[in-house]
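Listed in Swiss-Prot:
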- 6-26: transmembrane segment (TRANSMEM)
- 42-62: transmembrane segment (TRANSMEM)
- 71-91: transmembrane segment (TRANSMEM)
- 102-122: transmembrane segment (TRANSMEM)
- 134-154: transmembrane segment (TRANSMEM)
- 160-180: transmembrane segment (TRANSMEM)
- 202-222: transmembrane segment (TRANSMEM)
- 243-263: transmembrane segment (TRANSMEM)
- 286-306: transmembrane segment (TRANSMEM)
- 336-356: transmembrane segment (TRANSMEM)
- 358-378: transmembrane segment (TRANSMEM)
Amino acid sequence: MEKKNITLTILLTNLFIAFLGIGLVIPVTPTIMNELHLSGTAVGYMVACFAITQLIVSPIAGRWVDRFGRKIMIVIGLLFFSVSEFLFGIGKTVEMLFISRMLGGISAAFIMPGVTAFIADITTIKTRPKALGYMSAAISTGFIIGPGIGGFLAEVHSRLPFFFAAAFALLAAILSILTLREPERNPENQEIKGQKTGFKRIFAPMYFIAFLIILISSFGLASFESLFALFVDHKFGFTASDIAIMITGGAIVGAITQVVLFDRFTRWFGEIHLIRYSLILSTSLVFLLTTVHSYVAILLVTVTVFVGFDLMRPAVTTYLSKIAGNEQGFAGGMNSMFTSIGNVFGPIIGGMLFDIDVNYPFYFATVTLAIGIALTIAWKAPAHLKAST
């Protein structure tokens, strides 16, 4: 057990380093866009090409995680990310930036299924929620710390954060090669008999509703998260520091919740009920954000709504990991794919609605998240999962 805890610590440290690199470039990306005189449409397509590439590659990467191993896929993903950030740092043309973002999408498609499958192999059904909560917290913490460091580095040179991000990813890849050993497949992740083969597995009853909820919730969450900064800027006149305080505050509270409460909540409620309650919380608060006006009220609602998001995401990942048996890579790849679909189309639809009325993207998010709540009411855990808990 101690050996597995050390392995988990190494894995989460490498994941933190990778997402620290992602966070580094957040403050300086608009500066690069202004330097190259890119339009809002070009930036939107650039964001979409990351998600589309991740969408296309995720199913393949998921299969490869099961076929070739967890460690090699994580390392490949980190190397792709390192190259992606380096190219963005040296990029002087739109074409180079698009290539960079596409490589970034490939890296995400490899890393996340590999990490979740790795964790499934070194944990038991009972200890997995805590480990996946730690995984989400490591990602959140990287996003929290990264922008602050990136803003400091950008004072030296606007391209420096991208080179540091590339170096961090390369460091994480080297550490993974040197310190991680390919895990033995967990005997608890038994083969589930009688399931559909190939992509027909998407429509298997134990997966289908989970994937639908991932898709629908990703639509709602992406439309909310991608336009939150514009919303509070246009509606309330918030400054960049105000927005940073709210997002950082939400991320900190969310990370603490994932570490301290997520494991307890999954034991008390189970994943399906926790997903439902998180969706109810998020749906209510996204709508409430369109009605509040005071700074303190907006701050409290924003911080709390991110807690709902940060509980739902690892709950879905934990549920999929528990039901997937020996198909951990497949489940992780599909999770990534359906999330990517939402990340592609949610911001596009939200952006169109924002041009009509600043509140409309949040109404749209409220409706889509409410559909997710309705789906959870009909959602039942498969028999083999009930038997194991």
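Using the three backbone atoms N, Cα and C, a Cβ is placed for every residue, glycine included.
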Recorded stretch, among 6-26, 71-91, 160-180, 243-263, 358-378, maximising Cβ pairs under 8 Å relative to the transmembrane segment (102-122): 71-91
Top partner of the transmembrane segment (336-356) among 42-62, 134-154, 160-180, 202-222 - counted as Cβ pairs under 8 Å: 202-222
When counting Cβ pairs under 8 Å to the transmembrane segment (134-154), the leader among 6-26, 71-91, 160-180, 202-222, 358-378: 6-26
Folded-back contacts onto the transmembrane segment (160-180), same chain, C-beta under 8 angstroms, at least six residues removed: 7, 10-11, 13-15, 17-18, 20-22, 24-25, 27-28, 71, 74-75, 78-79, 81-86, 88-89, 118, 149-150, 153-154
Folded-back contacts onto the transmembrane segment (243-263), same chain, C-beta under 8 angstroms, at least six residues removed: 129-130, 132-134, 136-137, 140-141, 143-144, 147, 228-229, 232-233, 298-299, 302-307, 309-311, 314-315
Residues of the parent chain within Cβ reach of the transmembrane segment (286-306), under 8 Å, 6 or more residues beyond its termini: 220, 224, 228, 231-232, 236, 242, 245-247, 249-251, 253-254, 359, 362-363, 365-366, 369
